[in-house]
Amino acid sequence: SFNFSVLTLSCFSMLGERIPLTKVKTMREMLSEKKLISTYDSNITSVPMRNFLDLSSVGNIIIGTPPQEFQVIFDTGSSDLWVPFIFCTSPSCYTHNTFKYHESSTYWNTHKPLNIIYETGIMKFPYDTTWTGDLVSTDQPFGLSLEINKFDNTPFDGLLGLNYPHMSAIGAIPIFDNLKKQGSPSLFSLQMQGKWLCGMFGGVDKDYYQGELNWVPLNEIAYWRINMGHISMKRKVIACSRGCHVIMDTGTPVTVGPTRLVNNIQKLITPGHRHYVSCFAINTLPSILFTINGINYPMPARAYILKDSQGHCFGTFKENRVSTSTETWILGDVFLRLYFSVYDRGNDRIGLAPAV
């Protein structure tokens, strides 16, 4: 990612005053009026995000000149930025914002087709100016999707990847790295609790967490992966018994692990059914503890049991369909909503602390 002054979102101050209109407005003023940025510290840029059904966190970005606004998932599990193209033919694109290349004076195209691994369909590979909060990335490579599936009822248009460069599916420089090259700081943090969520570039705001940050070094300088000691329930180890790897992924809504171990956990929390459980069980099921760097991070039943749109409650542990040589877990939004997380590219480490 990039060298940011941690993304400390002053989410609530963003919802306040509007900047008065003037004859000529700067980009910062236009973004402030749209409540897309909030800065109360010259080293910190805040980006408001929204909670969608406790399954994803969505924030706004700007692409092009004049600005075109998109809602994206800030995704630590991928490295690319992509949004739908005006020529997208999928039905999903009719209900999402699409990028109108002909309206941007800073757009330029390489005419290079590409395939995105985590989505089906072909994307164009152009460049344009992007705004993340009030941070500007000039000549930023990004994907324009000509076809997207399974996005019919989602509140977001695309993804903004915050992972390391080599994870780019298009071999492009991610926004974080481009901003770092252009002089921005090397750190960002996320507060994913509550209705209004916070993304912070360039610093850490202590108002968003309790106690001290527990810094954990990455076990491979490739993506946001660290070591985990074990997973336990009622003082009994139920997974990761010999230590394992864990990836912090804001683009994954649930907790993902090896099939056998996930099935065992599902049997503990949803006996007699593969995923669904009585909603009353939320008050009786114990917390599941994730031990990282010698510190326990409890996930209470209210976090790992969610309610769907029909009022049915279900467990949020899912099987990883991709086998790995070592036991690897993915902690997604259901975990990261409980803990303020800091992603430090300057020192290749993750900081965790209980969210306020």
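Backbone N, Cα and C atoms are what each Cβ position is placed from, and that goes for glycine too.
Automatic prediction, not curation, is the source of TrEMBL annotations.
The cysteine that TrEMBL pairs with Cys244 in a disulfide, picked from Cys240, Cys279, is Cys240. Using Asp249 (active site) as the reference Cα, a 10 A cut-off selects Asp75 from the recorded positions Asp75, Cys88, Cys313. Cys240 (disulfide bond) sits 26 Å from Cys313 (disulfide bond), taking the CA atoms of both as reference points. When the Cα atoms are compared, Cys313 (disulfide bond) and Cys88 (disulfide bond) turn out to be 36 Å apart. The most densely surrounded of the disulfide-bonded residues Cys240, Cys244, Cys279, Cys313, judged by C-beta neighbours within 10 angstroms, is Cys240. Of the recorded residues, Cys244 (disulfide bond) and Cys93 (disulfide bond) place their C-alpha atoms 40 Å from one another. Less than 8 angstroms from the CB of Cys93 (disulfide bond) sit Pro84, Phe85, Ser145, Ile148, each of them six or more residues away in the same chain. Listed in sequence order, Leu159, Leu160, Gly161, Leu162, Asn163, Asp249, Thr250, Gly251 are the same-chain residues at least 6 apart in sequence whose CB falls under 8 Å from the CB of Asp75 (active site).
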